[in-house]
Amino acid sequence: MAAAVFLAVSFALLGIQEATATAGFIQAPLSQEGLVGGSVALHCEAVGRPVPEIQWWFEGNSPNDTAYQLWDGAWLDRVHIHATYDQHAASSLSIDKLSAEDAGTYECRANNDPNRNHLTLTPRVRWVRAQASVVVLKPGTIETFVENYNSKIRLTCTLNQSSIEIVGHRWMRGNKVVKEDTLSGLTTEFEVDKEETGMGNYFCVFLPEPTGKGEFILLPPNVTAVKKSTHGEEGTTITIMCKASSNLPLLYWTWHKVVDSDSEIIVSDKKKFFVNSTGLETRLTIYNLDPSTDPGSYLCNGTNSEGSGWETITLRVHSHLAALWPFLGIVAEVLVLLIIIFICEKRQKSSHDADADEDELGSAPLKSSGHSLDKDKNVRQRSTS
Ligand SMILES: *[C@@H]1O[C@H](CO)[C@@H](O)[C@H](O)[C@H]1NC(C)=O
Ligand SMILES: *[C@@H]1O[C@H](CO)[C@@H](O)[C@H](O)[C@H]1NC(C)=O
Ligand SMILES: *[C@@H]1O[C@H](CO)[C@@H](O)[C@H](O)[C@H]1NC(C)=O
Ligand SMILES: *[C@@H]1O[C@H](CO)[C@@H](O)[C@H](O)[C@H]1NC(C)=O
Ligand SMILES: *[C@@H]1O[C@H](CO)[C@@H](O)[C@H](O)[C@H]1NC(C)=O
């Protein structure tokens, strides 16, 4: 009896609630576009009595993706949810540092059924849903150019595409803003006085951020020798070469001969030396190599507006005489041998003659005396034993 009354009452209440207080949206989230690295924010508001709960769900674009609920701090804290439940429910979802995988369908769900989150009971009133899609756009690629322009260096940034409207450009030196405009072009430039050296790093920023950022690292050239050491033959011509890497145009190249700790600038006279410098490369040609004056260290020196970079190349010169040394050595050896043989032969010959003389000139007594000594020895040995 009591149960029947309760049922009747609750059906009556339900009837009233259904008519007046189920959850409904007063603001549904709007679809958004965001750039990789940027952020998007979605907003949702719902009314009902009691005040409904708002949940956020996400389903990615790839076919295997299934919807799951988002929470504050999800996705390595890139997802933030701020909700207020006062007269009605309001919830904001924001996603920072967007990546391509964040593209998909975001769903705002609202429900005020007391059983809405019960694990086994199905709520009498279904969740109401509102969807918004988020598209994540790739920012364009920025190309940077540096050129000498009269007494200035012109820095240019060009964005090859933009999926969102450009609303301005900002130029920064380090983290100081040096120029800003509200133009919409895909190209922006900035001029720097050539005399202004040690400029450091410049950035161009396309607005709104993070549409794109270009960087200029302005440094002296990095000069490297194509071959750190080389050698040539006396009388021939040799060419040595240096290269530079630099994002600023090179103003000039010089070559020096290092003498002791000093260096002498080399003049391209086309008789002894010829310097050919083209952009980031320089070649020094040395004609008619001389082993007494040309060997040593050669220094190539490249200069841009930020300073200079250099490298030394060691040159050795083989003289014609040097090439002869091994041959001369053999000749000398043969000569020495011949002399030795000659002397030996001479000696042998003269000793033979001496022997012959001795034989003739009574060596007999010597021999006989030797014999007699031997005999004595034998006698003594016998006697003692
Ligand atoms: C989707 O699932 C199928 C079957 O499990 C699998 O072969 C395929 O690689 C999955 N695709 C993606 C994009 O994960
Ligand atoms: C811009 O440059 C990037 C990288 O080089 C390239 O992937 C993209 O397709 C380019 N966009 C256009 C419109 O050319
Ligand atoms: C200079 O260039 C060489 C060769 O390209 C490289 O190994 C070296 O790291 C560079 N030095 C600097 C300071 O960039
Ligand atoms: C200088 O070097 C460049 C690059 O190798 C070459 O094309 C040019 O002919 C050279 N100039 C002279 C005058 O040898
Ligand atoms: C390289 O050239 C620059 C500019 O001419 C000069 O200041 C610098 O001393 C030179 N470096 C060397 C090692 O000669």
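For all residues, glycine too, the Cβ spot is worked out from N, Cα and C.
Caution: TrEMBL annotation is automatic and unverified by curators.
Note that the structure is a prediction, hence the values are computed from the model and not measured.
The feature domain 'Ig-like' is assigned by TrEMBL to 37-122, 221-316. Annotation comment: TrEMBL describes 351-385 as region 'Disordered'. The annotation signal peptide is assigned in TrEMBL to 1-21. Annotation comment: TrEMBL describes 323-344 as transmembrane segment.
Within the domain 'Ig-like' (37-122), the DSSP-based counts of helix, strand and coil residues read 7 helix, 41 strand, 38 coil.
Over the domain 'Ig-like' (221-316) the predicted model carries a mean pLDDT of 92.
Cβ atoms under 8 Å from those of the transmembrane segment (323-344) belong to residues 233 of the same chain, restricted to positions at least 6 beyond its ends. In the domain 'Ig-like' (221-316), helix, strand and coil residues by DSSP number 0 helix, 60 strand, 36 coil.
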